[in-house]
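> Just passing along the structure, written as structure tokens.
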Amino acid sequence: MMRRDCGIVLKLRVKRRMHSMWRVWCAVASAVVAQTTPGHFLFMPTQYSQTSLWGSVSVLVHRGLGADGPASVLASSRDGSALQSVHYVPIVNHTLRWADGDAYPVEVFVQFVPQSTNLEKDVSFFLDLHDASSSVFAPHATAAITIQAINVFPGEVAFASNTMSTKIPATWDPQTPFPLSIPVHRLKGAFGHVQVPYDAVVGTGTALTGRDYNFVQVLPFSRFLTWSENDKDPKNIELLWLNQDVYRQNLTFTLQLSAPTGQALLGGINAITVTVEGNDLGVPAGVLQLKAPCFPTCPAEAYTVEAASAVRIYVERQKGSMGAVSVTYSCKSLIPGQPQTGTLAWVDGDSVEKSFVLVTSGTSPTNTAHQVTLSSPTNGAKLNANAASTAVIVTPRDQFAGGVVDFVSFTNEEQLLQLTTVQSDMQLMPELDYWDSRIGLPKPVQVTAPGSLSLLVQRSRGSAGVATVCVQTIDGTAKGGVDFVAQTTVLQWPSGDTRPIEVKMTILAPPYTELDSSRTFSVILTSPSNVRIGAFYELPLVIRGAMQTPRLVTSVLDMTAKTLALTFSHPISSAKGALVSILNPDTKAKITLTSNSVVVQLSPAVVQLQLGAQDFVRLQQAPNIATSIATSALSFDPGFADYDNLQCKSTDVRGCFQPLMLPQAPILVTTFIADSVRPTLVRFTFDQQYVQLQFSKVMDRSSFQWMQLCSSLTATACVLLSPPSRLIPRGEVTTTTLPFPVDETLWIIGLSPQDMEQLSARGIGPTRATTFIFLPAGLRDVQGNVYQGATVVQAATSDCSACPAGTYRSRVCTDMADRVCMACSVCGSDHYAATPCSATSNTKCHRCHQCHYNQYASTPCTPLQNRKCTACTRCTDDQYEYSACTTEADRVCLTCDSCVLTSLQEQQCKKSAAFERRKRSPYGCPAVNAYPTEEARLQRAKANLCGAGRCSCTGNGVGNANPNGFSFPNDPRCSGPSNYGILL
């Protein structure tokens with residue numbers, strides 16, 4: 001058993017490596033808890049139509065999103081307007097099976113019943129998947145099959161042209177994917193339902209799926225277009241264009257239509273090449289701008305500098321580096337009468353930002369914006385008009401001779417500049433070391449790992465006399481001694497010294513797994529002596545965790561499709577639908593989902609809950625819940641989603657503990673789609689006292705006004721129920737064994753004695769053939785959707801037949817429901833069928849008998865038979881044990897009559913007469929004159945370890961060739977062995 005489990009784990013590791021890249025590292029880290037992916041079952045396509053003359057239809061069932069292990073699912077037909085045995089041959093619990101690794105689609109053939117006359121109108125029925133070994137993809141769990149009345153042409157499906165070109169508007173936000181719609185037309189006919197699959201043609205064009213564009217329908221089996229009866233409108237293939245680089249070539253891709261359903265044909269133009277035009281076909285030299293927070297819409301950063309000092313201005317080369325380019329900079333007003341101009345240059349392929357230095361004097365106008373501009377780009381480079389100029393504001397100089405101290409915010413650009421200074425900066429580098437103290441707003445230092453952190457404190461704008469300052473840590477949400485080493489340090493500069501002094505901080509253990517993902521503290525400068533504290537006297541530090549728990553980003557509640565789609569900020573590995581509640585945020589009334597709702601993971605961060613029938617009815621039944629976006633809020637209990645924590649790093653012993661996902665406060669759904677499905681009557685029964693109406697949805701009781709019972713479908717002989725006949729309220733127990741109505745999907749109408757007498761007098765109700773109901777107009781569900789279906793309906797009869805072979809009856813038939821048959825259970829490992837499966841009961845499995853010490857299984861345990869234990873065989877004195885007895889195999893005994901035993905086997909055979917006889921028997925005699933002397937012959941016999949006995953000689957001197965023979969000690973021709981220790 002252990003070997004087989006290890007094999008499964010190894011197999012899972014191999015299969016998981018076939019997933020997308022983000023799952024590779026997840027699978028390696030969580031291999032010990034890996035789960036198989038047996039896949040999901042679904043119909044694809046979900047709609048079929050065929051004329052009754054054709055006689056049958058083939059429905060495809062797919063196994064998608066995994067193929068681990070054998071799998072099976074049952075398919076059963078269900079009446080719609082088409083009736084079983086009248087319009088089609090019913091299918092009941094038809095088993096579809098797949099082997100391990102098999103993901104090919106399986107066909108289900110549905111036969112139509114030949115009709116003596118042509119159908120006057122289309123009728124339809126359904127094929128459902130149920131009782132799967134894994135799970136059924138709920139949106140595609142039902143296939144609709146339409147039997148067409150006459151054989152008319154359903155049309156051709158094609159593109160309008162084999163090419164299409166589009167261009168992204170220049171004003172479009174490049175951070176937002178651009179939607180593309182490619183229309184597909186239905187031509188020359190519109191009879192019946194038609195679906196056509198589509199997909200991209202691999203290996204054609206220059207645009208790639210996933211890099212340049214994506215389909216809106218992410219799953220491949222969801223990529224199809226649908227036309228309903230008499231629908232001729234074009235349908236669109238929806239895509240999202242991702243590649244919005246500022247400079248790009250024309251990119252193309254090809255879409256292909258596949259064979260449509262419903263006998264529709266592919267038109268002549270069934271493939272289209274789409275071209276997304278680029279915005280610059282040449283190789284760009286780049287766009288030059290002053291340093292700005294973003295490109296190309298943000299204005300350039302402004303600068304503040306003190307009088308009689310200097311400031312460094314940065315220039316960026318964006319979106320291109322082809323060729324050597326240059327640009328001119330100028331500022332005319334910083335020093336009156338002394339304009340400052342210069343040129344910055346980039347070589348071919350260089351896109352590193354450059355900088356230049358502007359100086360101020362003691363006479364520079366203060367508190368005035370001095371314009372700095374770029375101009376005259378060369379060799380095809382362009383200027384970004386939004387960031388081609390900036391302002392430098394001069395502040396009055398502090399005349400304090402001792403200077404000021406600040407924390408140094410040393411940027412990567414400044415480090416790079418010190419290593420490779422441009423020529424224009426060389427003459428000003430001494431001034432920069434003195435004046436550029438980098439004063440500005442303190443930017444928090446982000447810390448994401450434990451260890452040592454270096455901070456710099458600099459003295460500037462004066463250096464007269466000895467100066468000291470104290471550096472001290474201040475606790476915030478991060479605490480000294482827990483998250484960092486607290487310290488108080490005194491720094492000192494000699495007179496004339498302005499060098500930066502390094503301060504070492506020790507970070508202990510960042511809270512990588514804390515639910516509050518960061519903690520903060522500060523380092524401040526205090527107690528200055530002969531120096532002033534600058535504006536940048538406090539440096540915030542943020543100890544930020546790397547692990548973030550998932551949170552809900554968007555949600556879509558679709559009451560029509562009965563789905564709830566949830567998108568999270570981080571990937572999740574699984575989710576539990578029973579921990580989700582839908583509530584009204586004003587009244588606080590809520591409905592908590594149950595396991596009846598199935599969770600399907602569409603992508604690593606997106607899950608979809610298919611609302612179960614019971615949960616959906618509870619939502620419909622609840623007042624003012626899930627009726628609009630204002631009454632649809634979501635909340636989650638702790639542990640709703642499991643998520644991976646594989647990037648965790650911590651010095652703490654419990655640092656990588658993964659907490660439960662936090663409960664989330666009620667949050668309104670992002671998108672709400674109201675229920676627009678019209679209700680239908682599922683079943684109608686009448687037992688001479690009660691009328692039972694089973695609807696597909698929760699009905700509005702106020703829409704029920706009157707009802708008639710009739711004797712025929714033409715509704716010519718009917719009885720209008722009188723007011724004493726009433727609709728029984730929910731929860732009221734009937735006087736018979738009928739189930740009382742628990743929700744408004746089941747209406748039970750109790751008839752008055754007067755109405756029962758009238759029905760009996762007109763012969764209405766004794767048989768199904770004379771029982772019809774005439775429903776009034778205006779019936780509707782609680783969402784206001786008007787009843788859809790026939791107004792005159794015949795009473796139903798339940799299927800109470802015996803279940804077929806291989807199935808058992810899991811639920812008995814009632815007036816309102818057929819009997820339900822389930823596949824018989826197969827006993828698992830180490831279990832057998834104590835009671836076989838029958839038409840009325842499932843298999844009863846018991847654990848197989850366990851063999852005890854000194855017993856073995858003479859009859860193995862199988863799903864159909866119990867294990868039989870037998871006492872282990874005992875070896876005789878003339879046998880030794882070759883293999884021991886186990887619970888699965890008997891002891892194996894071999895004869896001791898052998899000359900090739902091991903020392904251990906000889907020990908077991910020490911009481912064996914056969915082994916002793918073997919040792920004393922002739923080992924084989926030499927030929928005559930084979931030895932020069934008799935002594936040599938006996939010495940040879942003595943050397944044999946087994947069978948060293950003296951040979952029994954024959955009359956002609958040839959030795960006895962029979963190894964089992966006995967010697968003849970009294971033969972006078974044989975020499976005595978006593979001198980050689982040979983035993984006879």
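Glycine residues also receive a Cβ, built from the backbone N, Cα and C atoms like all the rest.
TrEMBL does not curate its annotations; it predicts them automatically.
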> In TrEMBL, Cys827 is disulphide-linked to which residue out of Cys813, Cys845, Cys848, Cys851?
Cys845
> In TrEMBL, Cys875 is paired in a disulfide bond with which of Cys861, Cys869, Cys885, Cys893?
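TrEMBL lists the disulfide between Cys875 and Cys893.
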> In TrEMBL, Cys872 is paired in a disulfide bond with which of Cys851, Cys885, Cys896?
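Disulfide mapping in TrEMBL sends Cys872 to Cys885.
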> Near the domain 'TNFR-Cys' (802-845), which same-chain residues lie under 8 Å Cβ to Cβ, leaving out any that are not at least 6 residues past its ends?
1, 72, 74, 92-93, 95, 131, 683, 685, 687, 692, 694, 738-739, 746, 861-867
> In whole Å, how far does the CA atom of Cys872 (disulfide bond) lie from that of Cys837 (disulfide bond)?
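Between the alpha carbons of Cys872 (disulfide bond) and Cys837 (disulfide bond) there are 34 Å.
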> Limited to the domain 'TNFR-Cys' (850-893), I'd like the whole-number average of pLDDT.
90
> Please identify, among the disulfide-bonded residues Cys827, Cys875, Cys885, Cys893, the one with the smallest Cα-Cα distance to Cys837 (disulfide bond).
Cys827
> Report the nearest neighbour of Cys827 (disulfide bond) in space among the disulfide-bonded residues Cys875, Cys885, Cys893, comparing Cα positions.
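That would be Cys885, nearest by Cα distance.
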> On a C-alpha basis, identify the one among Cys824, Cys845, Cys885 that is nearest to Cys875 (disulfide bond); the candidates are the disulfide-bonded residues.
Cys885
> Could you break down the residues of the domain 'TNFR-Cys' (850-893) into DSSP helix, strand and coil, giving a count for each?
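Summed over the domain 'TNFR-Cys' (850-893), the classes give 0 helix, 18 strand, 26 coil.
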> If you draw a 10 Å sphere on the Cβ of Cys827 (disulfide bond), how many other Cβ atoms land inside?
19
> Of the disulfide-bonded residues Cys824, Cys845, Cys893, which one has its Cα closest to the Cα of Cys885 (disulfide bond)?
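Smallest Cα separation from Cys885 (disulfide bond) among Cys824, Cys845, Cys893: Cys893.
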> Just how many other Cβ atoms lie inside 10 Å of the Cβ on Cys893 (disulfide bond)?
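Excluding its own Cβ, Cys893 (disulfide bond) sees 17 Cβ atoms within 10 Å.
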